[in-house]
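For reference, TrEMBL has these:
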- A:GLU163, A:ARG206, A:SER352, A:ARG356: L-aspartate binding site (BINDING)
- A:ARG206, A:ALA207, A:GLU208, A:ARG214, A:HIS215, A:VAL216, A:GLU349, A:GLY397, A:LEU398, A:GLU399, A:ARG400: ATP binding site (BINDING)
- A:140-426: domain 'Aminoacyl-transfer RNA synthetases class-II family profile' (DOMAIN)
- A:185-188: region 'Aspartate' (REGION)
- A:PRO77: site 'Important for tRNA non-discrimination' (SITE)
2 protein chains.
Amino acid sequence: MQRTLCTDLPTATPGEPVRIQGWVHRRRELAQLTFLVVRDRSGLAQVVVRGDAAQGLPPEETPVEVTGTATANPQAPGGVEVTDPTVTALSDDADTPPVELWRPTLSASLPTLLDHAAVTWRHPVQRAKWELAAAAMKGFRDTLDAGGFTEIATPKLVESATESGANVFQVDYFGRPAYLAQSPQFYKQVLVGVFERVYEVGPVFRAEPHDTVRHVAQFLSLDVELGFIEDHREVIQVLRDVVAGMVEAVGTYAAPAVERLGIELPVVLEEIPLLHFREALEIAGAPADEPDLAPAHERALGEWARAEHGSDFVVVEGYPTANRAFYSHPDPADPHWSRSFDLIFRGTELVSGAQRLHRYDDYVRTLEERGYPYEPYASYVEAFRRGIPPHGGFAIGLERFVGRLTQSPNIREVTLFPRDLHRLAP
Amino acid sequence: MQRTLCTDLPTATPGEPVRIQGWVHRRRELAQLTFLVVRDRSGLAQVVVRGDAAQGLPPEETPVEVTGTATANPQAPGGVEVTDPTVTALSDDADTPPVELWRPTLSASLPTLLDHAAVTWRHPVQRAKWELAAAAMKGFRDTLDAGGFTEIATPKLVESATESGANVFQVDYFGRPAYLAQSPQFYKQVLVGVFERVYEVGPVFRAEPHDTVRHVAQFLSLDVELGFIEDHREVIQVLRDVVAGMVEAVGTYAAPAVERLGIELPVVLEEIPLLHFREALEIAGAPADEPDLAPAHERALGEWARAEHGSDFVVVEGYPTANRAFYSHPDPADPHWSRSFDLIFRGTELVSGAQRLHRYDDYVRTLEERGYPYEPYASYVEAFRRGIPPHGGFAIGLERFVGRLTQSPNIREVTLFPRDLHRLAP
């Protein structure tokens, strides 16, 4: 007999035999009968066990197979339950879970949630968060595939740190030092020289020495880079389409998860409101000589975008060049400002991007101006003697995106098995 | 004016203005005129420059923009060329490339190919290999998405080595030791407990101390795991569909790359020929007490599958339990043999998989029988007290798949920036 998924049970013909598989979500013993709620990847189903059959039913979280009769019952979830069942355990009795997974909400503290992640992710509301993540990845890739981008896979073991010397993990690489890549920045830039338009979905590593709610030591970075651009505005347009594709995919492929979480998906306008850094400071009520936007400023900008444009997103461009990565392209009209941008989602920075430098001489001059030594950057910078067109890109932190979607206070709540200063397991 | 991709030039109306962008692939100066072949991500286009305009044209590999007139010429690639052009360099003149990229084949030695990977990947035939890889990843994911699988992203920094103590990279993790994950084995197994069916596309790390043509220190692993199975045969069926999906996607999304490489895509039959390990030894002419298949045996089996079944693939199941990973499920009918399998593609092992143990007690007994200490495996094994259904899975090495498709003698030829004993850059 074919397996029926729990959410498909309502489509079964009453009186017909059915077979379901899943975990014992809840075992509720009454005087006359036992209700067994079975959970599978799709949802829940109710099984009614009467008489002797109710003896020795496996405890919660044990995987089971149930064959029985589909029976209409307006009080059952979906209006159909399984009666007259044969319940077969598919493994030994499960240990009592560290948290009660059958309760509608998971009230465990964050440390408990994380210590027992392999179990706590089973809770339907918790699981829903990752279902958003999986759908978002699909939307990311589908949008870029349609735009002529090539997916790449780059080395995570590198000879030197690109982004900054600090916050990098050192590896014993056959007896010599190597480092875990903090981003695929160099590789995506040189691969623009090959494929013009590239993206990567892969882990990046930051030896973040501070315990914050926004940082973990490994996260999934959704990286994009494209060549033959006029300026950073073309990159912002691609970013807009990518974010719209991610939100749309969440709505399409993770609709039950969205419903379970009770969240509202954000609005991605055709044109995301765009502010220059100077205007952004003004709107946020910050002094005109601030070098960067503080979290409070980003919150103010989020409120402004919602109030003025009904938008959950706002892009700020033109951050001061001196405050951005050295490979950011200055604004030719006034090199004090850069062709960089951030995307602010509901008042928090979600994405950083920019047009990059593409000429070797510009790299050399910038390193000099900043007082950076040439040698550690030599192999990076010399790649630009090989003919790289004007290009730019951005990176989206997947878990940060999901964290904002679900309004999770801590990034760890939406990371499958987070790594940080204190946590290396499970 | 909209940009026209080189391969779309034949669809331009003769006499109309066009704009193309790309790299100077070849600059051929004749007495009366200069031919400029421009290469973009789609292919090549011919630009004809006459008179004074032919002075000071940028050298090969410089990115350029060309505006001019689309002109029919039966001798041009695709029958249309660009005449009366304005050529604008989009960066400084590129250095002379280390290899002549305009030649139809890339004849550089492997070390040259790898030392200058950022440039040599630009060669249309070389680039085609990665285009196969990108399409294969898409086919992998699309097949599994359609089958109810959830994409996961698991930690690459782990507390202890799952597969074996050797060949593991050690990391300085905030002052204590951590290791780079050799596979997502543990995580995909426990996440079967959450999502039932999972897959991951991610890097795995092996500190491979030997210099072989088949091994690198980092490769992209396409991992699959599914629960509620009867036995390993269900896993083999999923593997068949996944490989068929990958091959089909290569044919659909990378057709120009397949043509450029001049390769023939493999046949994936509805039912891949399946042999028990004992039969496989017999067909390969090996002694009945061999514990494993040697490369020569795999080649013989590849020939057998082609001759007897017209198949590029053959599955061997039932390898001796003692010779497989400790988490492999024995055959209940005779535990000397296991419910494990390999997929052999054109005479080389491409995929390993198995039904896994799913009961805590079985893990404990197996560790004892093998004389493995409990402690290092404790957190792995104790996850199976939480109720994990019968499950199994497999892993495909992406670069190995592409290497077989393209008949590349060395895995490094199909890895974007390979890492090995000697190579940590570029």
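Note: Cβ is positioned from N, Cα and C throughout, glycine not excepted.
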Cβ contacts of A:ARG206 (L-aspartate binding site) (under 8 Å, same chain, 6 or more positions away): A:ASN167, A:VAL168, A:GLN182, A:HIS215, A:VAL216, A:ALA217, A:GLN218, A:PHE219
Max pairwise CA distance, angstrom, over record-listed ATP binders A:ARG206, A:ALA207, A:GLU208, A:ARG214, A:HIS215, A:VAL216, A:GLU349, A:GLY397, A:LEU398, A:GLU399, A:ARG400: 20
Stretch-averaged pLDDT - the domain 'Aminoacyl-transfer RNA synthetases class-II family profile' (A:140-426): 96
Site with most surrounding Cβ atoms, counting all protein chains shown within 10 Å, from the binding-site residues A:SER352, A:ARG356, A:ARG400: A:ARG356
Cα-to-Cα gap, A:GLU208 (ATP binding site) vs A:PRO77 (site 'Important for tRNA non-discrimination'), nearest whole Å: 46
Residue from A:PRO77, A:SER352, A:ARG356 whose C-alpha is spatially nearest that of A:LEU398 (ATP binding site), among the recorded positions: A:SER352
DSSP residue counts for the region 'Aspartate' (A:185-188), split into helix, strand and coil: 4 helix, 0 strand, 0 coil
DSSP-derived structure type at A:PRO77 (site 'Important for tRNA non-discrimination'), helix or strand or else coil: helix
Rounded Cα separation (Å) that holds between A:SER352 (L-aspartate binding site) and A:PRO77 (site 'Important for tRNA non-discrimination'): 44
For A:HIS215 (ATP binding site), the number of other Cβ atoms found within 10 Å of its own Cβ: 18
A:GLU349 (ATP binding site), number of other Cβ atoms within 10 Å: 17
When distances run from the Cα of A:PRO77 (site 'Important for tRNA non-discrimination') to each of the binding-site residues A:GLU349, A:ARG356, A:ARG400, the nearest one: A:ARG400
A:PRO77, A:LEU398 as recorded positions, winner by CB count within 10 A: A:LEU398
